[in-house]
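*Asks:* Take a look at this one; I'll ask things after.
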Amino acid sequence: MPPPTTPFAENYVEPRLNVLFAEMAELTGQRNAIDGRLVEIVAEIDGRGAADGNPLWGGTGCRSIEALVAWKTGMTPRNAETMVAVARRLDELPRLAEGLRAGRLSLDRVAVIAVRAAEGCDDHYANLVQYATVAQLRTAVKMEPRPEPETKPEPKRGISSYDG
């Protein structure tokens, strides 16, 4: 086969490549929607929507919801942590959650925001997340203005004595 820079290679490869890209896009959308549903299930197991607010996983013997998710899905503990982080911010990030459920956004993209972004960021990132890569989102979140940490007052200096 000729190198991909020749006109022949372009005509030869492009139709098949376009077919593969289309299939990749369809499968990725399905995967994103499945991840969205898994995140909702994890949120419910973790107590979201429960009348008493107690998590359902307490009697499973698992040390954490992350351990339970890793066990039940076969994913790595790190990926389970990511999924739980998104699940815990579903109510706070409704537009991003909807994009994930609809298959438009990947779990990785939503997770960058769920793990690192400040509160009240759903509207800010809802548009950007559709076009930015995960690396670009990480940079954007790093550049997000952060509130100044509260400084502790300096302790009063003095000499005290104890007569005991």
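Just so you know, glycine gets a Cβ as well, placed from its N, Cα and C.
Got these off TrEMBL a minute ago, pasting:
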DOMAIN    22-146  domain 'DUF222'
REGION    142-164  region 'Disordered'
COMPBIAS  142-157  compositional bias 'Basic and acidic residues'
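Can you walk me through where each of these features ends up in the structure?
*Replies:* For the domain 'DUF222' (22-146), the model gives a mean pLDDT of 94.
Same-chain neighbours of the compositional bias 'Basic and acidic residues' (142-157): 116-118, 121, counting only residues six or more beyond its ends whose CB sits under 8 Å from a CB of the stretch.
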*Asks:* Which residue counts does DSSP yield for the compositional bias 'Basic and acidic residues' (142-157) in the helix, strand and coil classes, in that order?
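*Replies:* Across the compositional bias 'Basic and acidic residues' (142-157), DSSP assigns the residues as follows: 1 helix, 0 strand, 15 coil.
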